[in-house]
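Step one of this worksheet: look at the structure below.
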Number of protein chains: 2
Amino acid sequence: MSVTAAKGFTAAGIAAGIKQNGNPDLALVVNTGPRRAAAGVFTSNRVKAAPVLWSQQVLADGELTAVVLNSGGANACTGPQGFQDTHATAEKAAEVLGIGAGEVAVASTGLIGLLLPMDKLLPGVEAAAAELSEHGGEKAAIAIKTTDTVHKTAVVTKDGWTVGGMAKGAGMLAPGLATMLVVLTTDADVDAKGLDSALRTATRLTFDRVDSDGCMSTNDTVLLLASGAAGVTPAQDEFAEAVRTVCDDLARQLIGDAEGASKDIRIEVINAATEDDAVEVGRSIARNNLLKCAIHGEDPNWGRVLSAIGTTSAAFEPDELNVAINGVWVCKNGSVGEDRDLVDMRYREVTITADLAAGTESAVIWANDLTADYVHENSAYSS
Amino acid sequence: MSVTAAKGFTAAGIAAGIKQNGNPDLALVVNTGPRRAAAGVFTSNRVKAAPVLWSQQVLADGELTAVVLNSGGANACTGPQGFQDTHATAEKAAEVLGIGAGEVAVASTGLIGLLLPMDKLLPGVEAAAAELSEHGGEKAAIAIKTTDTVHKTAVVTKDGWTVGGMAKGAGMLAPGLATMLVVLTTDADVDAKGLDSALRTATRLTFDRVDSDGCMSTNDTVLLLASGAAGVTPAQDEFAEAVRTVCDDLARQLIGDAEGASKDIRIEVINAATEDDAVEVGRSIARNNLLKCAIHGEDPNWGRVLSAIGTTSAAFEPDELNVAINGVWVCKNGSVGEDRDLVDMRYREVTITADLAAGTESAVIWANDLTADYVHENSAYSS
């Protein structure tokens, strides 16, 4: 159901010919109201794609009516022409929808450093507008896929209102958001401030804690649009929790479909002095290539966990560290613990628990293993 | 000639049985004087192996007479027993050499989290002492290999004095030193302060700028011993330059033999506002897995260079960045530059030049590509 699960939204996904293989590559999401409140979170990469720069600008007033998304090209590092192309895309959507370009966000994903084929993209916007439907959410989710093997959607329905969404992303997943495009919609009657607060909290705890390959994208975009069509204003806490649930679900789907991965690694850092310490340690473990290889080889190599922890500035004493892999405490007090042969690593999900013995805070970071398939997928062709 | 190129040193390398395959695994280097000045630089990982903790301690007075090195086990994360084992190793060397244990540094490399087989190591120290020779440098260099495919030595001879050395290291190579053990010797008459200054400058500009896989070891140790046997005290500048030349040579050999690598990547960051900015940007590029895969695939994917630069805090404007790959400026002003098809990437060495257009400082970082062989070597067995 994706972005059209909530009332007050239409969507479409079509093949505009941007991708050379003819797969769907253009999505349109429209808020039909009555409210047009919106919030967004974008990549923290300082090299930002043209659509990110554009969308940050149009979101300044907390309102959006439509989002145009394309796969098949990131429109990043494309200079002034790239920005003009994004602008023209928004203008075209505004024209066919009878609104202003300042109400249209744009999101792009694909290869960096290539101009988009505007002769295909602009007619595509018209074609997509002609197909807008209250049942178009699925098609929109399919049209934003790049190397994703499956499309990703999630929905939470509460008492009379709904939060739904779609996501794409399979590589270049790292903190500061993953290479992802995400559009969330709700029919709850929430203003821009409420949306912004709920979205920032949710992304900080979900998408920002996904680290597939340590690489931060130029195009990450997460948008949340509210139509108010349900005529219900939930309590902010309840609304924020629903948004977080949807983001959590989508983030987990991103990790589960990461390029070339054979394992999803749940890294729990516990007993940290601060949450920041827990996140720093979790990310350091998540990005350790040697550990990622070991997990791929189903080798409970806790020494690589400790060497990753040791590179951080978190509070801990080396001889008080404990590490469990899938529940077996293979490292105790910074040294050999339980028998590593007890660790069963046959399944796709692997849990690494790092106990810093320095406080009461914790965090979970999700990562993937490093595989020959990842190398192949990212060396055999440009992406 | 390795560590015995300089006068006043003997060395040996033997198979003590620490490695199960029977390969050489124990080296001994002895300074026969007249001077016993020494300096050392160690891993900045906060999880330090027992031999690192021991050697830092015995170096506090700026003097060393002997170094015992073993491959086949890192003696890291081995608790109080691990430290006692290092201590016992130094005591044994002291006993057979007729010196004090406080004059003996110890360095170990291999799998983390395993106690060393002391029943083999201690007799090995005796056997090595019996083989000490002024021609033993080569054998010592061979005995410290782990996954290295070749042993690494370098020598610079100046007017009447010499600096020589040996190194091991093939994986877990990253700033804050690579997983490396290095012993440098000189017969120049230099005091501990002069050695320390020369060694710190050299490692900062050589070993600290090698980043094979982003992983920082628990055991990195670089020692410089001076015998004074040449009876010459060179100018500090000249001496420091010779030490740097030897370190540069060894660091380049480490990158050239990194696990599974098919490319050596020279990352030049130019026109940076500060040297720290240049190093930060160089390391960020060096650690970008997607770029490392692209280089493996001989794909001049400059978009991945820009996305790596964008994650740093260095001074630059995104639309002023320029990137050359093997001399072809494929990215100009943050956008498309010269034709990427002009880039010839057939050879092992690849140069990436990142022009930050923000100042006059520069730095060079060396890295490797990411390959299926690296994944295989680090997932198929524990190391």
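Placed from the backbone N, Cα and C atoms, the Cβ positions cover glycine too.
Whatever TrEMBL says is automated annotation, not expert-curated.
Annotation comment: TrEMBL describes B:Thr146, B:Lys168, B:Thr179, B:Glu259, B:Asn378, B:Ser383 as substrate binding site. The active site, nucleophile annotation in TrEMBL covers B:Thr179.
Proximity of B:Lys168 (substrate binding site) to non-local residues of its own chain (separation of 6 or more, Cβ distance below 8 Å) is seen for B:Ser71, B:Thr109, B:Ala141, B:Ile144, B:Lys145, B:Thr146, B:Asp148, B:His151, B:Lys152, B:Met180, B:Leu181, B:Val182, given in sequence order. Following the DSSP three-state reduction, the secondary structure of B:Lys168 (substrate binding site) is strand. Taking each Cβ in turn and tallying the other Cβ atoms within 10 Å, the top scorer among the binding-site residues B:Thr146, B:Asn378 is B:Asn378. Listed binding-site residues: B:Thr146, B:Lys168, B:Glu259, B:Asn378. Those with a CB under 8 Å from a CB in chain A, in sequence order: B:Asn378. Under the DSSP three-state reduction, B:Asn378 (substrate binding site) is assigned to helix.
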